[in-house]
Amino acid sequence: MGNNSLKRVFKNMGTQKLIAILALVFIYVFFAVFSSSFRTSNTLISIFDSSYYIGFMAIGVTFVIITGGIDLSIGTVLICSSLIGGVLYEKGLPLALVLICIILIGALFGFINGILVSKFKLPAFIATLGTMMITRGFGSIVTKTKSITYPLRTAEDGWYKSLFRTGPIGNMETGFPTGFIILMVLAIAMAIFLNKTRPGRYILALGSNKEATRLSGVNVVKWETLAYVISGTFAGLAAISYIAIYSTVQPGSGNGFEMDAIAGVVIGGTSLAGGVGSIAGTIIGVFIMSILKVGLPFIGLQPHYQLFITGFVIILAVYADVRNRAKSSKN
Amino acid sequence: MEGIDKSFAGVSALKQAKLEVKAGEVHALMGENGAGKSTLMKILTGIYSKDNGSIKFDEKEVEFKNPREAQDAGIVIVHQELNMMNHLTVAQNLFIGKENMKGKFINDRANNEQAKLLFKKINIDIDPKEIMGNLTVGRQQMVEIAKAISTDAKVIVFDEPTAALTETEITELFKIIRDLRNKGIGIVYISHRMDEIKQITDRVTVMRDGEYVGTLITEECTKDDIISMMVGRVIYEDPKQTSNVPADAPVVLSVKNLNAGKMVRDVSFELKKGEILGFSGLMGAGRTETARAIFGADPKESGQIFVNGKEVTINNPMDAVNAGIGYLSEDRKRYGVIVQKTVADNSVMANLENYSSGIFINDKKVKKDSKKYVELLKTKTPSVDQYVMNLSGGNQQKVVIAKWLIRDSEILIFDEPTRGIDVGAKSEIYSLMNELVKEGKSIIMISSELTEVLRMSDRVIVMCEGRIAGEFSIEEANQEKIMHSATLRK
């Protein structure tokens, strides 16, 4: 039985996730071998820094993708909620409340997406494309197109930066990547939520076969909406990690953030056709992306090579998924 | 259930339908395609609501507003198409919506244990932790049955449960059904397979055209009794008396040992010039699959196709069109016409190269020719610039016919040509088909309506489970014979 169930764990985990883990290790070792300066804790911290906001977005959007939907608005919701938060801060709202507002704004946009998709039956692609444009425009409107700068580390309100890194980038002592702990704790919590609670189970079920789930007496509208609310909430969390690392937010930026997150999810083995997905896979996918982003300059390639290479990786990952599906539908 | 009426958009689907099931019996519900069996069962299980009539369950008048209410009362249905979440495990499927919990978390261990007990109860060996999609269709069906039993059902409806099962799986299923019966559960068994009805059921209720025909005790009747009740004595339309095709007419299409998937096994037949060859059989007999394989729409495993005596290779619809074969799909909206395009655009769709110079389409010629066919086929449309979606079903069908006539197809496959078409337009399509064969075209007509098959065909081929189960000249064909072949297994 033990051997048997272990075999099944591997089978169910999917070759794709296994390949993703191997790819993650391979890429890291590759850079470490070819560049001695890559092997520093400094670089490792940079990798973490650039993984937080994409990581949070990716965790959230995993839920939406498992339902068979998509959320294109997460990147601009990140920017929009940071900008609104910045305006509130300038108006004198305490920073702690500002951070909570940022999360709530993300959740609100997620809720709007969810209602549009589950209740009004809009195609997810179109509904979230709409909110993507709305949030991008809205961010510029509230700031009158001026950029927003959050307090620096040395300022009185600089404490929030320590949530993600305890000090300036340098080594583990002066700048410990606390954000990694937050990311991991939330990832584990959401993985348990997905696999061990009713809402998670229903999200997986409706992504696999919505009609069958509905006929089983499950309120599919409610749980599909919840998936988008999770996605929006995590976009809000991503906004906090973004301002903690980068401080300055430009209206109109955030282009392509959602694609980085979705790419991470897909590389991690979550199927765009719905029904299958895991948070662990998503985290692996996100780190593949950030190692590529940080590592390529070390071997003399400019960051835009990251785009070029990620494109190939995504096509490969989705092709593996499509082939798996074709195979299993034949049986 | 008594005096049940139901109509959809003014079309009556059930008229005074009736069914009585006792505890501890297996009751067969039979009838031709469209006799109203499924509609009646959907009303029973709360998927549809009835217009009139009464349902009594355990002596009490009931009306279920949704499947959940019926389930809670103890009436469940095992659907023909399985309703499964393929990516979840067996136990997760079984307990969806009613999981065992440990506080806020799902207790998967308890679910698996309970599933194991359930499977033990009906004597099947399925690992609750297996992913649903990895099971065979037969095993998935067992899980559905287990799900039905887990709700303490008193009545279980099986809608064509054996359609996708292998011989051993059927034996296994019948054992389970007998066990359930012995436990006092009432079972409604819908199937087209006469042998199974004789084997497993206690009584048979026959429906025809949405009406109750009668109930027989299975042991006391023969297959022929049931068949004649299903088809009835009433002949709605005069059948064709003799074939119009001379015996020495040349063969235009010859199919030899065609195999394509489960639904097309070793199919061989010939089509003569000027002939209407009727393809009869029940739903899922493999007629459409055969047509699609011939037309190159689905891949073939083996077999040869000869057109006018010459072997042709058909790997895709383009090859078929070039060989002079046209296919009019049973699902017009999905495969026949592009409803957002005009009559003229649709008419020349299969033949654009003859209507273009270079890369440009010659609109004038397109309009002239499509107008010609609109007049010829008497298509009712204000102009050839009308969007096809604004036409009635019958007229849309004529646009499809025009498409293949413009292409000069010699062999036309009509798949359910009159489905969803009103009576007036039906007879127009019929006379059009008769004119086409008079002009020397040859037609394969797939139809689920026996009266249509008998009225139009010069020869009838009956399919059953992917194989040709019978062939009749129109002189010898009648409803009983066709039904007999169609319900015979192998």
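Note that Cβ sites are derived from N, Cα and C of the backbone, with glycine treated the same way.
Look at TrEMBL and you will find A:18-38 (among others) tagged as transmembrane segment. Sequence-distant contacts of the transmembrane segment (A:18-38) (same chain, at least 6 residues past either end, Cβ-Cβ under 8 Å): 10, 267-269, 281, 284-285, 287-288, 291-292, 295, 298-299, 313, 317, 320.
Annotation source TrEMBL lists transmembrane segment at A:50-80 (among others).
Taken from TrEMBL, the feature transmembrane segment covers A:92-116 (among others). Here the transmembrane segment (A:92-116) has Cβ contacts under 8 Å with residues 60, 71, 73, 77-78, 80-82, 84-86, 122, 124, 127-128, 130-131, 135, 151, 157, 159-160, 224-240 of the same chain, all six or more residues outside its ends.
What TrEMBL records for A:122-143 (among others) is transmembrane segment. Residues 64, 69-73, 75-77, 79-80, 83-84, 86-87, 109, 112-113, 116, 251-252, 254, 258 of the same chain lie 6 or more positions beyond the ends of the transmembrane segment (A:122-143) yet place their CB under 8 Å from a CB of it.
Taken from TrEMBL, the feature transmembrane segment applies to A:175-194 (among others).
As annotated by TrEMBL, transmembrane segment applies to A:226-249 (among others).
Feature annotation from TrEMBL assigns transmembrane segment to A:261-292 (among others).
The feature transmembrane segment is assigned by TrEMBL to A:304-322 (among others).
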Could you tell me what the rest of the chain brings near the transmembrane segment (A:226-249), counting residues at least six beyond its ends with Cβ under 8 Å? 49-50, 52-57, 59-61, 63-64, 66-67, 69, 71, 73-75, 77-79, 81-83, 85-86, 99, 102-111, 113-114, 117-118, 147-150, 152, 160-161, 163-165, 179, 182, 186, 190, 199, 203
Same-chain residues at least 6 beyond the ends of the transmembrane segment (A:50-80) whose Cβ lies under 8 Å from its Cβ atoms: 105-106, 109-110, 113, 117, 124-125, 128-129, 131-133, 135-136, 138-139, 164, 179, 182-183, 186-187, 190, 194, 203-204, 206-207, 210, 224, 226-228, 230-239, 241-242, 244-245, 249-262, 264-266, 268, 270-279, 282-283, 285-287, 289-290, 293-294
Any residues 6+ beyond the ends of the transmembrane segment (A:304-322) with a Cβ under 8 Å from its own? 15-16, 19-20, 23, 260, 263, 266-267, 269, 271-273, 288-289, 292-293, 296
